[in-house]
């Protein structure tokens with residue numbers, strides 16, 4: 001404010017010209033249309049990845065469909081049974097189902113009777129998941145929404161008689177959990193796909209009548225935050241018309257500003273084109289990639305869908321899940337952990353237990369995970385039991401094994417006069433010292449087991465280090 005009695009000086013000509021110039025520049029900037037992406041990979045690959053995905057770090061994957069009815073072997077049951085004719089699958093059918101029983105006969109048994117989307121969403125929220133990806137359609141072709149081009153082979157016409165995709169999306173969004181839709185481009189036994197295959201994929205009957213109408217319908221109907229494409233491997237992206245779809249998705253779709261996609265858009269695309277990279281199932285890079293990536297893995301080591309023949313030894317241990325999460329985030333990736341519900345819509349207790357263990361760990365250590373960035377060093381020298389992340393000026397050292405002597409040795413951080421060291425979940429600063437040859441020594445809190453803030457991994461927070 002001016003002092004009382006002061007008179008304002010008129011703006012000089014130079015100042016007026018400057019203000020006019022700045023105003024005109026701002027008007028031009030605002031008038032410019034948003035960038036449009038052309039249907040080619042150089043243009044599409046140049047689109048910046050929406051920030052929410054890198055910040056999310058942890059998501060839950062759900063494989064659910066008619067394959068959840070036989071619930072044996074894996075979600076590839078139909079292909080192993082009738083596509084490959086594996087003897088063990090044929091024997092399973094002979095022993096458990098009458099002669100002439102077809103895969104389509106499983107459809108009415110996919111009831112989702114106990115599917116309560118609010119309960120699922122509560123579980124995923126308690127697990128600390130920031131996004132959830134649901135199979136809308138696996139390679140069997142059955143759609144978990146009333147697809148207008150999947151007559152009598154969708155969850156509204158057969159089985160549950162419900163819109164499973166829509167119901168789960170509503171529940172997740174009440175909790176501000178991002179919603180991803182998995183969609184298989186191919187269908188093993190669809191007549192039009194088999195016709196295109198017979199024609200060497202020089203025709204696109206299946207793509208025009210089935211794949212593309214479904215993708216556009218999913219986007220317009222459910223407005224997903226993420227599209228997790230799969231089933232691309234038999235054909236190039238030119239057969240799938242992938243670049244045309246993605247240019248529409250980025251330019252004109254209702255989710256153009258926020259949507260994220262993966263890299264499975266043609267046999268030539270994985271780890272090369274798309275939004276973020278999956279590269280392959282359960283991908284684990286050996287060093288920091290230069291592109292955003294995601295590790296997708298399953299609690300059941302041998303299947304993505306639920307299977308009745310799962311043994312306890314087939315279930316990934318809680319400590320291994322936490323370790324994979326930590327390593328993935330340290331290397332700049334997201335961790336997408338899969339569960340397979342039953343045909344009734346139940347998530348079996350051991351899967352719930354594993355998810356809740358992740359949530360409990362993240363409730364203490366999430367500061368080092370969510371919205372973090374890789375540090376200049378991703379793991380401690382000469383060991384794979386200490387991993388680093390960073391956020392702003394803070395560095396986080398996550399260690400997977402509690403040292404027997406209660407002292408953690410870190411060689412990578414360089415201390416300064418302002419260094420401060422704490423442990424997430426514990427009040428107060430930790431004592432530390434340095435050695436010119438061996439680096440930093442941190443005295444861990446001496447606590448009874450019941451007072452240790454987390455299981456499986458612990459986080460040291462360092463500020464004022466280089």
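The backbone N, Cα and C atoms fix where each Cβ goes, and this holds for glycine too.
Here the candidates are 111, 136, 170, 243, and Swiss-Prot annotates 170 as phosphothreonine. Cβ neighbour count within 10 Å across all protein chains ranks 241 highest among the recorded positions 170, 241, 268, 382. Of the candidate recorded positions, 170, 268, 382, the one lying closest to residue 296 (site 'May be important for catalysis') when CA atoms are compared is 268. Residue 296 (site 'May be important for catalysis') falls within a strand segment according to DSSP.
The Cβ neighbour count for residue 296 (site 'May be important for catalysis'), using a 10 Å radius and every protein chain shown, is 22. Recorded residues residue 382 (N-linked glycosylation site) and residue 268 (N-linked glycosylation site) have their alpha carbons 37 Å apart, per Cα-Cα distance.
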